[in-house]
C-alpha cells in the first residue's frame, strides 16, 4: 500500500513504458491501493483488455499518435464506452401472490382509542404527566406559546382538535339517508300534484254529466249563443265570460264543489265513528233524548282506560243514576239509528231484512256482483269522476 515494491513483477503490468502509476485512466486499475504492487497477478479483471505487447505499437489514440491505452480506451471497457449501445431488457415485476385483481377495498381504520390514545385520555393524569416531555408538549402547544411549569392543556387541546377538524372537515354524510330523505317527500309531492290535477277535473266532468241531462239524444250546445251577445258554437261547460251561460256554469260548478266537500266530510265522519273517536251517548230507553243529570260519576266502573268517556251518567225521573256504556265503535251511527227508529217506527221493520241480506249465501252475492258488472258501463260513466277521490279516502282510512 505505502510505496513501490522491489520485488520483481509478474504477469501483466510489468511494462513500465506506459506511466500510469495511480490509475489515471478509467478502469485501468494500476493504483497501488488495488494491489498493483502485490504478488497477486490477477488483480485486473477487465475482460476485453488488450494484450500487453500491443501497447508499444504505433496507433492513433485518444492522446495523439503513438499512444493507445492498453485497456480498451480512455472511457473504459464497458459496451457503452466502446460505442456499443446495449439495451438491457427490463426485469418483469415479481409475480403477485394475491390472486385477487382490481382495486382492493380500503382497510378499516383502527379505533381512535388505538390510533390516537392521547385524544381519548387528554384529561387523565397519565396524559398530564406525558405533557412534561418537551416532544409531547410541542404537539399541543404552538410555537411561542406558554412554556411555564403550570400546564393547562384543556383549552389548548380543544383548540388543537378544533384546528384538526377545520383542516380535515366534517365526516362524509351518508348519501343513502340523504337520498331516501329527499326522494320520499318528492314522491309524495308528485302524487299529490297528480291527484290535485285529477280532482280539478271532477267539477268539469260532473258539469258535463249535468248538462247532458238537458240534451238527451243530442249534443249539448250553449243556449246563450243566440242572445244579444252572440258567440261561436261552444259547449255549455266551457262558456266564455261574455256568454250569458257563464254565470250558470259557475253556479253549477259551485254546487258540485259543495257536493264534493260534503262527500269528503261524510267519509271523514264515518271514519272517525269507526275508530271510536265520536263518544256519543246513546239514547235512554223509552226516551228521545240523552238527558244528563247531576250525576258526576258512573255507578258502574268504565271498561278499560281510554281517552274518551266509556259511559254516560243519566238521571231519570226516579232519581237514581243510570250508567249507559258508550260503544267503542259506531257510537254515532247507533245513536242516529236509535233516534230514527224512535221518530220513524217503520224503520224497525227493516231490521230483519237487513239481517237476512247480510246472511245471504255466496251465490246471491255473486249474482249481485254479476248484475253490477252488467250495469257497469253506465255506472262507470257516473262514478268515473269520483275515482281520483278513492286514493285519498284509502289513505285516510289507513292512517287515521
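Placement of Cβ uses the backbone N, Cα and C atoms for every residue, glycine included.
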Residue 252 vs residue 371, same side of the membrane according to Swiss-Prot: yes
Candidate set 233, 320, residue annotated N-linked glycosylation site in Swiss-Prot: 320
Stated Swiss-Prot location of region 'Disordered', expressed as one of 1-24, 193-216: 1-24
Transmembrane segment according to Swiss-Prot, located in which of 182-202, 287-307: 182-202
